[in-house]
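Colleague: Okay, so TrEMBL annotates it like this:
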COMPBIAS  249-269  compositional bias 'Polar residues'
COMPBIAS  281-296  compositional bias 'Polar residues'
DOMAIN    74-195  domain 'Palmitoyltransferase DHHC'
REGION    249-303  region 'Disordered'
TRANSMEM  6-25  transmembrane segment
TRANSMEM  119-137  transmembrane segment
TRANSMEM  157-179  transmembrane segment
Amino acid sequence: VVCLIAYHLLFAMFVWSYWKTIFTLPMNPSKEFHLSYAEKELLEREPRGEAHQEVLRRAAKDLPIYTRTMSGAIRYCDRCQLIKPDRCHHCSVCDKCILKMDHHCPWVNNCVGFSNYKFFLLFLAYSLLYCLFIAATDLQYFIKFWTNGLPDTQAKFHIMFLFFAAAMFSVSLSSLFGYHCWLVSKNKSTLEAFRSPVFRHGTDKNGFSLGFSKNMRQVFGDEKKYWLLPIFSSLGDGCSFPTCLVNQDPEQPSTPAGLNSTSKNSENHQFPAKPLRESQSHLLTDSQSWTESSANPGKIKAG
């Protein structure tokens, strides 16, 4: 009875999460990221270059966009004719831009992104538990098969096939599930793991990482009672994401020696949830003004 209850519970959760992963439509960028008709005409008239980028910069000035291309340009999709939100990518299979795209999965025939990434993780978790449960309960009969302890019927070949299938899927699913657990802990997508996102201040492989606890809540939500259920509870709208202002990767060495005094003063400072806008972060980027003020201490006192 216990085995039957456990089996059907795992099977039900596996089918539920698999169903949600398949039939949850990927989310696309909202209308505010699409160019107007006049802006599209301007882009068609302007050649590729600085003039082309100027049109995109004007269109994106009020949008919550903090990532750029490798060359520092605004991320724009020619196929969908829209400015890409952060972590959004164009899927060549679906032929549309997907919010927080992770990858296109042939196993579920769907794009894995912001709308169904939690469901995909639960699908991997429950399918792994399902295969491990089958392999564990079938192990004793699998041993009897090799020791000739089973009656000579066709059932013993079913037992052998079932154990091999469950064991092989367990190995492949455990590696895939472990990899995605690492991605969640770092708040990365599969695409970002292969190519680090580029921000205004440069490339930062952990630009979206907020710490293990907050990274988990970004995917699973604040209410823990929904974590193990394939019910959408991810935080945010998929178009904008909180980021850290500096690279705080614990695996990397600390800040350079010349910045020790600055890091000590900022240990107790909580970085903002989103990068500062250019009008708010000019003190961090305008090195010339700092040089001039340090060279004229009399002016500072007078001020």
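Cβ coordinates are placed from backbone N, Cα and C, and glycine is handled just like the others.
Situate these features within the shown structure.
Modeller: Within the model, the domain 'Palmitoyltransferase DHHC' (74-195) carries an average pLDDT of 93.
Sequence-remote contacts of a segment are chain residues at least 6 beyond its ends whose Cβ falls under 8 Å from one of its Cβ atoms, and for the transmembrane segment (6-25) they are 105, 108-110, 112, 115-116, 119-120, 122-123, 125-127, 129-130, 133-134, 137, 228, 230, 232.
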Colleague: Under an 8 Å Cβ to Cβ limit, what residues of the same chain, 6 or more beyond the ends of the transmembrane segment (157-179), are close to it?
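Modeller: 121, 124-125, 127-128, 131-132, 134-135, 138-139, 141-142, 145, 150.
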Colleague: What same-chain residues lie close to the transmembrane segment (119-137): Cβ under 8 Å, and 6 or more beyond its ends?
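Modeller: 3, 6-7, 10-11, 13-14, 17-18, 20-21, 24, 102, 105, 108, 112, 162-163, 166-167, 169-170, 173-174, 176-177, 180-181, 184, 219, 228-230, 232.
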